[in-house]
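The block underneath contains the structure these notes are about, expressed in structure tokens.
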There are 2 protein chains.
Amino acid sequence: MVSRVESAAATRRALVEAAAELLDEGGPDAVTLRAVGGRAGVSRGAPYGHFPDKEHLLAAVATKSWEAVRERLDALITDRGRAPSERLEQALTGLMEVGRRHPHAYALMFAAPTAEHPEAVAAVSRTHDQFLTIIADVIGDPQRARPIGGLLMSSVHGIVAMENGGHLTPEKWQTTGDELVKLLIDRIA
Amino acid sequence: MVSRVESAAATRRALVEAAAELLDEGGPDAVTLRAVGGRAGVSRGAPYGHFPDKEHLLAAVATKSWEAVRERLDALITDRGRAPSERLEQALTGLMEVGRRHPHAYALMFAAPTAEHPEAVAAVSRTHDQFLTIIADVIGDPQRARPIGGLLMSSVHGIVAMENGGHLTPEKWQTTGDELVKLLIDRIA
DNA sequence: GCGGTTCATGTGACGTTGTCAAGTGAGTCG
DNA sequence: CGACTCACTTGACAACGTCACATGAACCGC
């Protein structure tokens, strides 16, 4: 019923999910290989059968998070019932939502992926491509869409990062992240 | 000549500087209390005479970095030889420059300062105020300057963060961080 | 000057962490 | 059914943050 390779793949999935859960619940310090193994139902050394080191496990978590965002964008692109501008707004606010709901995982997604994690780099690239697809539908010229897309992506990320870092206090800036995204789309897209 | 409190203050300064140097040179993993003490010329336990724990030492590094940025802005504001718009551009590109030259310290500056570090929060607030001063000189209405300032600050931070994380590749977005800052100022300020 | 006090620093120790090497046992195949 | 494979367990080690205690020089009242 459960072949050996299937159970190995299941363990790998369980390890990544356990790491993601621990990251969500307790931040980076809570992600211990011992805790990850424990939650996944294996021992502390088991992860080394699936990942060369802790960094690669975290890269797998980042990859999974990026893939989840990409799937949201896929659904958005497939849904032909919405106007392009509406899709763009939903794409950007969707990213902000992820950053708010899973701040630590979000920070991990935007941390520098060392060149030793090609799968993470590929997942980021695929997701960015979907962003560009959505943006190009709003901006007619696909040549102009790329820099505009870079600015939108960077700006929204900055807003989320400032929010999560506690640097975007309403008292200081007299505004909120949501308002800034609206203002951004208004001025840029 | 060197009183006891003076030498203690000097040691504290040396510890913060050593931590900042190690952070620049080897990233967060290189900042161990043993290495910090060693570079500052004291033992591994000496930092505990000046900081309750490692986190507070890092908060002092972040505070110092923010103060350095604020001093740059102070000089920019005092310099009456420049047009307000030029001052704004220099303020934003100056922040980007800091992010490029000291990526790890920059990341530390924008990490979430827990409420237990009021000095760090105060340094951030003071620096943001100077940003707002410069921005208000460009935007006439000081009421409108605050949200605009929040958007500019967040966006530039996002650009720097994307750059440092390797997520702003020219091939993908057909642009650079410098171009995006220019585009941002053009559209927003 | 001088004895007692204060306090920054040095040192030994402990629990935890990431990591590796050796061992183990269940699943797999001829 | 026997030998092999391979994911997993366990023991061990160095490094880390942190604490308790020891030390010695700078300070202060006399």
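The backbone N, Cα and C atoms fix where each Cβ goes, and this holds for glycine too.
Straight from TrEMBL, the features:
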DNA_BIND  B:32-51  DNA-binding region
DOMAIN    B:9-69  domain 'HTH tetR-type'
Open item on the list: On the 0 to 100 pLDDT scale, where does the DNA-binding region (B:32-51) sit on average?
Closed with: 98
Task: Helix-strand-coil residue split for the domain 'HTH tetR-type' (B:9-69), DSSP-based - done: 49 helix, 0 strand, 12 coil
